[in-house]
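Some features that TrEMBL has for this protein:
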BINDING   V109, N117, Y118, M119, V120, V238, G513  FAD binding site
DOMAIN    276-290  domain 'Glucose-methanol-choline oxidoreductase N-terminal'
SIGNAL    1-18  signal peptide
Amino acid sequence: MRFSSLSLLAAAGTLASASNFKSGEYDYIVVGGGPSGIITAERFIEAGKRVLLLEQGSGPTVATGANETLVWNHTLTDIDLPGLSADVGALPAWDEYLCTDTEGYAGCVLGGGVTINYMVFVHPPEHDFDDNNNWPQGWKWKDLKPAAERLYKRNPGTILPSADGKRYDQGLYNVLSNFFKKLNWTSVDMITQPNEKYQVYSHPAWNIKDQVRAGPVRTYLPLAEKSKNFHLSLHTKVLRVVRSGSHITGVEVQTASGKTEIVSVAPHGRVVLAGGALATPRVLFNSGIGPKRQIETAKKSGINVPPEHEWINLPVGVGLKDHPIFTIMAQTPGNFGIPDYESIVNGSDTKDISLYGKGSGLLTQGKHRLTFFSSNNINGTTRYYQGSCAPESDAVLDITTYMTHGLTSSGVLGINENQTTVIEKSPYLQTAGDRVAAYQFIQSLVNDFNAPDSGFELETYLNTTAIMSSLSPGMHYTTTAKMGTDDGRENGTSVVDVNTKVYGTDNLYIVDGSIHPDLPTGNIQATIMVIAEAAAARILAQK
Ligand SMILES: Cc1cc2nc3c(=O)[nH]c(=O)nc-3n(C[C@H](O)[C@H](O)[C@H](O)COP(=O)(O)OP(=O)(O)OC[C@H]3O[C@@H](n4cnc5c(N)ncnc54)[C@H](O)[C@@H]3O)c2cc1C
Ligand SMILES: *[C@@H]1O[C@H](CO)[C@@H](O)[C@H](O)[C@H]1NC(C)=O
Ligand SMILES: *[C@@H]1O[C@H](CO)[C@@H](O)[C@H](O)[C@H]1NC(C)=O
Ligand SMILES: *[C@@H]1O[C@H](CO)[C@@H](O)[C@H](O)[C@H]1NC(C)=O
Ligand SMILES: *[C@@H]1O[C@H](CO)[C@@H](O)[C@H](O)[C@H]1NC(C)=O
Ligand SMILES: *[C@@H]1O[C@H](CO)[C@@H](O)[C@H](O)[C@H]1NC(C)=O
Ligand SMILES: *[C@@H]1O[C@H](CO)[C@@H](O)[C@H](O)[C@H]1NC(C)=O
Ligand SMILES: *[C@@H]1O[C@H](CO)[C@@H](O)[C@H](O)[C@H]1NC(C)=O
Ligand SMILES: *[C@@H]1O[C@H](CO)[C@@H](O)[C@H](O)[C@H]1NC(C)=O
């Protein structure tokens with residue numbers, strides 16, 4: 001159930017009589033069952049803690065309660081099948097799972113964005129954490145490497161998912177890799193050579209394991225579920241944390257029936273927010289944590305925010321970042337097209353389906369056919385770019401071109417009186433440096449495509465200006481509750497300290513994309529998972 005009617009909420013604002021919760025018995029209440037929440041909850045379980053994981057959405061896999069399976073395989077839903085991920089926007093799951101309570105894109109389903117994303121899995125390079133001072137001491141690559149290794153052991157990603165060791169539908173890869181080879185770019189394996197990010201191309205790395213969509217719902221959750229100390233409650237939305245001054249005593253939740261109730265943590269318990277960069281700020285505003293104006297709006301929406309003398313003035317929402325996407329399309333001399341998704345869904349594509357039954361073939365692969373990376377330098381600032389290349393139609397190539405790590409723009413996330421988080425200031429191309437750098441990078445690609453002997457011809461967006469104006473959200477939002485040493489209560493920019501604890505609180509932590517002080521060089525999900533691994537260890541180390 002989504003947050004529907006506030007008047008209904010107000011009317012139902014009493015304690016439920018028959019609660020499913022063991023209020024007062026949880027060492028940790030984790031808010032949000034996306035990748036960061038599941039990983040953190042599972043590591044707390046391994047440490048012997050009693051954990052309640054609260055997720056507002058439903059379970060997307062058969063094991064977690066989904067019952068709309070493929071007509072030809074009753075153990076799988078359509079979002080599990082890698083071969084359908086390219087078409088995820090056309091599946092019923094898209095409308096069902098996409099959040100309606102945030103302005104940007106996020107998944108409101110167990111697994112969060114990882115449940116409905118395009119499965120691009122970029123192992124972060126070391127420079128993401130080390131090449132500027134945005135990540136604080138204690139969060140440099142040398143500190144994060146063990147966390148990354150823990151993640152990759154369980155959720156490694158793959159550039160070769162088909163069990164027979166073959167790659168399928170390589171027409172696009174062949175023609176485009178040849179194009180880059182002629183430009184003297186280097187062929188790399190983006191999983192084993194994550195630090196190579198200048199003029200390189202690779203077979204795409206996907207979040208796939210055992211021929212199905214991977215991610216913490218498959219690679220961590222089952223481990224937690226073995227423990228009697230683990231409790232997962234779906235269809236349960238946290239409205240706010242309940243606190244007495246700096247001490248968090250529990251959370252107010254709204255369950256599927258629309259009823260609200262308060263669930264307490266154990267006396268020395270902690271609350272960990274993992275709702276994602278677009279949703280965690282709502283919980284903070286509703287709890288009297290953030291800029292005054294946002295808390296006042298939250299109060300107007302009917303939430304029982306604490307009295308004003310308890311408000312903690314922190315720059316929540318300020319600093320929102322995302323990767324902008326620019327779309328480049330070109331007619332190519334290649335031989336490729338897009339699969340007939342309808343015949344995969346309805347079971348008539350017997351050739352690919354029977355190969356899939358043997359763990360192989362086209363349906364084990366994700367959307368893209370080639371991924372490239374590069375960078376440029378404007379006045380001493382290096383900005384990185386990623387191109388995720390997929391078929392658009394017969395012989396037509398679509399490049400999702402991201403400007404990534406090094407960009408200097410940021411925006412602001414707030415909330416409206418309907419409890420929807422809103423982007424008050426766009427995070428895209430706010431600085432002259434970003435605009436100049438993006439223009440220059442795109443222009444260089446345009447020149448290469450327009451070279452007389454390239455064999456490529458731009459389509460739809462015919463020049464750099466048109467490509468720049470195709471700008472769309474990268475959906476890799478971060479930095480709405482930034483981690484750092486400059487305490488936001490004292491004019492600093494940070495909302496959480498280097499132990500991921502919210503300034504001004506005794507026992508409230510954040511582990512999701514909100515706290516990342518910077519964007520990674522590639523698609524973000526692997527980085528989200530690495531940081532969650534590291535954050536869980538930091539939190540457990542706090543006595
Ligand atoms: C459409 C789409 C495509 C993407 N494609 C890619 C890609 O190909 N590769 C890549 O690397 N990244 C991709 N991303 C980004 C990636 O999926 C996200 O960055 C990642 O999922 C963020 O993880 P998170 O744990 O921070 O938050 P989320 O994934 O947003 O998870 C937060 C979870 O918390 C729940 N929640 C929030 N608030 C509450 C509350 N108050 N009470 C209870 N539950 C709550 C939500 O329902 C959700 O399940 C994509 C994202 C989207 C939306
Ligand atoms: C499938 O799940 C939905 C949502 O949980 C439920 O309403 C429906 O009854 C289920 N259908 C079957 C056939 O189990
Ligand atoms: C690629 O390298 C070769 C050999 O060094 C050189 O002759 C050629 O001009 C280079 N091409 C481009 C596009 O830089
Ligand atoms: C499945 O979809 C294909 C492609 O749209 C169509 O040709 C075929 O008739 C459909 N088969 C069934 C059984 O619906
Ligand atoms: C159905 O999916 C499972 C993976 O969950 C796989 O092991 C099995 O081979 C698939 N069967 C067919 C017929 O595709
Ligand atoms: C809130 O919702 C109401 C009713 O749907 C709508 O009229 C109003 O414009 C919304 N307010 C905001 C700030 O979006
Ligand atoms: C780069 O530096 C020069 C010289 O200081 C300046 O004129 C120019 O505006 C700068 N460009 C950008 C994009 O900041
Ligand atoms: C750029 O391309 C667009 C179409 O994509 C076209 O409308 C516009 O006139 C072009 N501008 C220039 C300067 O060529
Ligand atoms: C914060 O900055 C404002 C405006 O610059 C100033 O008035 C105030 O004293 C500063 N507060 C602290 C705690 O530094």
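Keep in mind that glycine also has a Cβ here, set from the backbone N, Cα and C atoms.
All TrEMBL annotations are machine predictions without curation.
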The domain 'Glucose-methanol-choline oxidoreductase N-terminal' (276-290): DSSP-derived helix, strand, coil residue counts:
7 helix, 1 strand, 7 coil
Sort out the sequence-distant neighbours of Y118 (FAD binding site) for me: same chain, 6+ apart, CB within less than 8 Å of its CB, listed by position.
S85, A86, V88, G366, K367, H368, S388
Write out the long-range same-chain contacts of G513 (FAD binding site), meaning residues 6 or more apart in sequence whose Cβ is under 8 Å from its Cβ.
S36, G276, A277, H476, Y477, T478, I524, I528
Per DSSP, to which secondary structure element type does V120 (FAD binding site) belong, with helix, strand and coil as the options?
strand
In whole Å, could you give the widest CA to CA gap in the FAD site formed by V109, N117, Y118, M119, V120, V238, G513?
29
Near ligand 7, which of the binding-site residues show up if the criterion is a Cβ under 6 Å from one of its atoms? Options: V109, Y118, M119, V120, V238, G513.
none
Determine the mean pLDDT over the domain 'Glucose-methanol-choline oxidoreductase N-terminal' (276-290), rounding to the nearest whole number.
98
If you count Cβ atoms within 10 Å of the Cβ of N117 (FAD binding site), leaving out that atom itself, what do you get?
25
Say we define neighbours as other CB atoms within 10 Å of the CB. Which of the binding-site residues V109, V120 has the fewest?
V120
Where does V109 (FAD binding site) sit in the DSSP three-state scheme?
coil
